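Engineer: Submitted below is the structure of interest, expressed as structure tokens.
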């Protein structure tokens, strides 16, 4: 079947409320509020509610712990400002992928998409949904651990539901994100206000001598920063959907400037609230810090905490799915994945094949269950690609002076972020060397085999296999190649 023009087949444009003529491509459905909600909703998952102790464990006192949380927020903001320059200079979806392509060529871009799409993003999606499932199941299995099969089935159902919602409508996906972000901000506000009230009542014992017993070694401080910045991961999510942002030149930087400082303030104030009712030792021993806080402060309404933590995790999962599907779509459009993964639903105008592919890979990761170590070992790879991308920003200042830059950050900002990236790449390897890091590097480099076989040389036998797959999936899912918007 030839890839016929979709203009004759577009019959259901009523699902997209606009008087402008539509092409079968991703539509600009995401405004400033939705952009802020994507950033906030994706960064704030379950970690700050369940286990904000990773930073404290490495600093061993309250004062340095709060300073690290604030410093990590500043660094995340600096990194996001660099991505704002990139996103307004190269207005393509896909996050780091188009920037690496423009700065260094197809091979680094392919290795990024290979690593992200096969390991990092679907495994993170699976972990978030498993966390959601465990919190929901806990309400029905009081006093005992829920069966693993039940947890996995509920997590798989959550993945299917989120994938379906985002495949049905961009607008519906963004509305769901807005609702769950509002829900998590409600519980954040409850914890912060309760903490401030307790602080005003004189619960300041844990803030006295707050630097006593602090760890000052380079190794401990580096691990504290590493864990803190991991909690801020997601600051670049809006760059994955640049093509769907209304007025990206304005809304992308504004969403960053509003969203990340908001998260930073929330993280600092929530930690302060926790320390008003828990000593550092008690916080480190708590299995779920927000639940412990709720039991001590909000009783008999403490049940709202696990409920809203579940809302928070499902919101983070929705934001992750919403943005990651665009990376698959862009990689397919560039010929770095199956071409059908870049196709658009005729009726829904969503990257449905990319989202379905992403959901299937995430469900596969649920089967073994314990994939936290996989994500931990691959997290240094995330900073490898962050650093390469921002290095590309510096390189393009000299090699692509012709590109228009609506936003241009001072050169010291990307240099700082590059140095931090190098530090975060080397810190876990030096402090806790393990063979797994070598395996991660080998996996990343193994993408070169697939690149040269299927992308660079494009062997005929591979095309003979992919063509019937594309043909049947196109008919089954009612999808077509994306068109360019009319100028």
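Cβ atoms here come from the backbone N, Cα and C positions, even for glycine.
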Engineer: Confirm whether, per Swiss-Prot, residue 479 lies on the same side of the membrane as residue 195.
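Structural biologist: Different domain labels for residue 195 and residue 479.
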Engineer: The L-arginine site in Swiss-Prot lists 43, 44, 45, 46, 47. Which one of 233, 295 belongs there according to the record?
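Structural biologist: Of the residues offered, the record points to 233.
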Engineer: Where does Swiss-Prot put phosphoserine, among 18, 217?
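Structural biologist: The residue tagged phosphoserine by Swiss-Prot is 18.
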Engineer: For which of the residue intervals 275-290, 435-450, 451-466 does Swiss-Prot record transmembrane segment?
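Structural biologist: Feature transmembrane segment in Swiss-Prot: residues 435-450.
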Engineer: Taking 3+ C-beta pairs under 8 angstroms (sequence gap of 6 or more) as contact, is the transmembrane segment (303-325) in contact with the transmembrane segment (352-370)?
Structural biologist: yes
Engineer: For the L-arginine site given as 43, 44, 45, 46, 47, 233, which other residues of the same chain have their Cβ within 8 Å of the site's Cβ centre?
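Structural biologist: The surrounding set, listed in chain order, is 42, 48, 231, 234, 312, 316.
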Engineer: Would you mind checking how many other C-beta atoms are within 10 angstroms of the C-beta on residue 46 (L-arginine binding site)?
Structural biologist: 23
Engineer: Just report the maximum Cα pair distance in Å for the recorded L-arginine binders 43, 44, 45, 46, 47, 233, no decimals.
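Structural biologist: It comes out at 13 Å between the most distant Cα atoms.
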Engineer: Look at every Cβ pair spanning the transmembrane segment (435-450) and the transmembrane segment (111-137), keep those 6 or more apart in sequence, and say whether at least 3 of them are under 8 Å.
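Structural biologist: Contact criterion met.
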Engineer: Below 8 angstroms Cβ to Cβ, which residues of this chain, lying six or more residues outside the topological domain 'Cytoplasmic' (239-251), approach it?
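Structural biologist: Cβ under 8 Å, 6 or more out: 25-32, 35, 38, 83, 86-88, 91-96, 170, 322-324, 326-327, 406-407.
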Engineer: Quickly jot the same-chain residues contacting the topological domain 'Extracellular' (56-62) by Cβ under 8 Å, restricted to those at least six beyond its ends, or write none.
Structural biologist: 68, 206-207, 210-215, 220-221, 223-224, 227, 275, 280, 283-284
